[in-house]
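Asks: Pasting a structure here, questions to come.
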Amino acid sequence: MALQNAWQNTKERARETWAQLTWSEVSGSLGDLGTFLPLLIGLVQKVHLDLGTTLTITGLYNIISGWQFRIPMCVQPMKTIAAVALAGGAAGLDLPQLLHAGLFVAGCVGLLGASQAIDLFNWLVPPPVIRGVQLAVGVKLAMKGVDMALRLHGGPSSGWRPWLGTEGLVVGAVALAAMIATTLPPRAARRGTLEAADEGGLGPRPTDTAFEPLLRRLPACCGGGDRAPQVEGAAVSAERAGLLAHAEGGERSGNLDDGTEAGVGAAAGGGGCGGGGGGGRIPSALIAVVVGLAMAVLHRPGLVWELRLGPTLPRLLRPSWPDFKTGALRGGLPQLPLTTLNSVIAVTQLANALFGDKPEAERRRWRPSAVALSVALLNGAGVWLGAMPCCHGAGGLAAQYKFGARTGHAPILLGCIKAALGLLFGGSLVVLLEAFPQPLLGALLTVSGIELASVVRHTRSPRGYTFALLTAVAILALDNTGTGFLVGLVGVAAVAAYEGAVAAAAARWPRVFARGGRA
């Protein structure tokens, strides 16, 4: 009876998921491929990771995550471990060491989640410091994306891409322009106003100038005419924009600052994420993936005949203390701060910011201890089968949200696609993924990075911006997420200590401070 009830509930949830699936959710489900595919392909080529097993297992990760968290919680590779493995050489990782590194991180994060120490850590860490981490990581991702879209690396030559071809500069430039244009929030101000200038448009037309007669002859859209016209369907008053931003959630309590979040409110309320120009959402990530696959097949028609039906058998991990020690020291320890911060703490705070209007019972699904246990349990099962070590991440959540995902249906759909491809074609899919145009992946990665970096706009005060920028600058300058995070914490602690000392001194010698204030 229990199994029958569980099966009925599963079927009902599946029908509900299918009924509520929209093109925005479909597009959003593909928004994180700019991060996932390059690392996956690199590991398949470098350390002979099994592609079919990884697609199947990570697809199951996606399905479980969407089912459990009910938001577009992404599944990403553990980037530091992947980077160390791809670096190669004496300091690199082979496949067993890479898998043991993932087990090490999963075990540590699992202990933090089971003991709920991660919740205490989340409470102690100031949100501006976390947003500084997100700003730095987002900038790095966006820089990598632009570089991937426009430049060549490795091979016989490096530098700008050739103009034409599926890997050409034109493809990268057009993809970048299209992605930015279709994912920008809609306008929230009348053209020809100061608010419009803040949005990248033209401000009030200058009047005391010899060019005024010429400016009057310009089309209204270029700032000409006698008065700036009202744009139908796009002009939103500052008060309404603030209300929209407030309604879309923000800090841990679910509120965004009214003054700076007009763009977020307008984007989430009017289709800005994944829908450019203030209109309905355009499934830009879906279009990019379909176009990329079509270009790959047209460029190399023989790819289709290189695919082989049938899954590949998992290669079970054999426990080895030398491999565990090497993997933990080279890849696990550098990965641990990033997983703790970005895959647990930052993703929790970002989810609260994006989905703060959901009921408390729903928000408890993605509390830090639950996310930490999810990372531990998923890897604790999948790594033994030879799947790539994975975690959740703020960048992936931001990317899927940016391209239109709003529910857990997006990762469930992506998981079904990945698992189906892994079971149908196994490792033979690598020939198709290798042929996917890199400029399109770069464009996806750029938009994902920009969305993650823009989370800093949730900061409420200039003081918070200072701490966020200090953290981000330290991470970018030192090229180390953990060290930059510590710099941000030290900055917060130093300011708190200074203000505490000043307050204590003012209480101890009130007359001295009173005279100083009058002076």
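In case you wondered, yes, glycine gets a Cβ from its N, Cα and C as well.
These came from Swiss-Prot, pasted as-is:
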TRANSMEM  98-118  transmembrane segment
TRANSMEM  164-184  transmembrane segment
TRANSMEM  370-390  transmembrane segment
TRANSMEM  412-432  transmembrane segment
TRANSMEM  436-456  transmembrane segment
TRANSMEM  464-484  transmembrane segment
TRANSMEM  485-505  transmembrane segment
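I'd like these features described in context: how deep, what's nearby, how far apart.
Replies: With a threshold of 8 Å between CB atoms, the same-chain residues lying at least 6 positions outside the transmembrane segment (485-505) that come near it are 125-126, 128-129, 132-133, 337, 341, 467-468, 470-471, 474-475, 478, 513.
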Asks: In the same chain, which residue numbers or ranges, 6 or more beyond the ends of the transmembrane segment (412-432), come under 8 angstroms Cβ to Cβ?
Replies: 17, 21, 25-26, 29-30, 41, 44-45, 50-67, 75, 293, 296-297, 303, 306-312
Asks: Which residues of the same chain, at least 6 past either end of the transmembrane segment (370-390), have a Cβ under 8 Å from a Cβ in it?
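Replies: 40, 43, 49-50, 53-54, 56-58, 60-61, 64-65, 68-69, 73, 75-78, 81-82, 95, 98-99, 101-103, 105-107, 109-110, 112-114, 118, 314-317, 339, 343-344, 347-348, 364.
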